[in-house]
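Following: one structure in structure tokens, then a few remarks.
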């Protein structure tokens, strides 16, 4: 069995987690208390959904997940929420004082006290697996817990489970909307360890998702619940092939193999289609070519950067629902002829497609319409560097004056770590620039950097 353990860190990670598990439960017909009326074989572990749920002797299905936060309020909402009986109390780990938007607190002082407990819980989940495939890590890098404790956990997971793949779903600070003044510091420090300790990281950005909700779903003032439900659709589409059987299944390690040309170039853009409200869906037919075109639209990217400014190195298209390979091939052929979608010249094929016959589910009373077919795209595009250069610029403005740095140093960090992380990101921007440069023959010395 190829199990996956999900780790939700900090407020953002936990709230995205709530949306994801709500959706998984719907898709598999699992009730709020973990029972699954349709599952007649109690205790038999070969069902596909067992990659994400473990089954107890009494026929209860428990998510293979842990939720960690340095302060209790967000986790208390899970403890008292409608899915409180789904999780084992040991899976919900909360500390007493929060990281106060400070990477150093999350990584050194406060986080250090809780990280062993987390790893202990992860080990229990891992012992319960017959063939652990890897980890999905959910966090935001703007705050203190998601960035600090997030990177600490990733570093420790690399030590304990070196060969297992780690996929990150990481919420990056938005260009305009900011929830903390020190976001650029936390993001740069955290990305420094994401670079080394995740195999694939999918960048998400609230502002981009706000815009999608406003534009496509006609929600005037989107809430975090609206955003998270949209994010959960993407994550669900990515993991569909692990949880259901389909025509062309895609494994987690396959993402890595197909999307990551060089170890450091592993930050992905994601998009999903159709994002459409129930009123509109009634009048539209949404064929495979239509939704395929839609995921390549710059406006449907879940991070604020324009793929037309960069080149695609690879992309993964995950279709679900009423889709046959013939339609997919035709749609992909059309995309290849478009001038707006440019591939680097050293990667001519560039498409990996997966098809799953399980149609997309939607949360009842949610914003998305129930549709027959949907597609989720994860793409590796050199334009992602825009996200980093934006954050780097803000970092530089503050760091030039050493503003707010004393908060970090006071928690046991050294100033050198700032410049080290910043240099690492500068190198990353340069890597992206080189990868997108014309002509592959002058890049023979790529290998020395890693």
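The backbone N, Cα and C atoms fix where each Cβ goes, glycine too.
Noted in Swiss-Prot for the protein shown:
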- 254: active site (ACT_SITE)
- 11, 71, 144, 145, 179, 206, 228: GTP binding site (BINDING)
- 71: Mg(2+) binding site (BINDING)
- 450: site 'Involved in polymerization' (SITE)
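You'll find the Cα of residue 206 (GTP binding site) roughly 27 Å from the Cα of residue 254 (active site). Take 11, 71, 144, 145, 179, 206, 228, the residues named in the record as contacts for GTP: the widest Cα to Cα gap among them comes to 22 Å. Recorded residues residue 11 (GTP binding site) and residue 254 (active site) have their alpha carbons 30 Å apart, per Cα-Cα distance. Cα of residue 71 (GTP binding site) to Cα of the residue listed as 'active site': a distance of 36 Å. Separating the Cα atoms of residue 145 (GTP binding site) and the residue listed as 'active site' is a whole-number distance of 30 Å. The binding-site residues in question are 145, 179, 206, 228, and the one with the fewest Cβ neighbours inside 10 Å is 179. When Cβ atoms from all protein chains are considered, those within 10 Å of residue 144 (GTP binding site) total 28, not counting its own. All protein chains shown were included, and the count of other CB atoms within 10 Å of the CB of residue 254 (active site) stands at 15. Counting in whole angstrom, the residue listed as 'active site' lies 32 from residue 144 (GTP binding site) by their C-alpha atoms.
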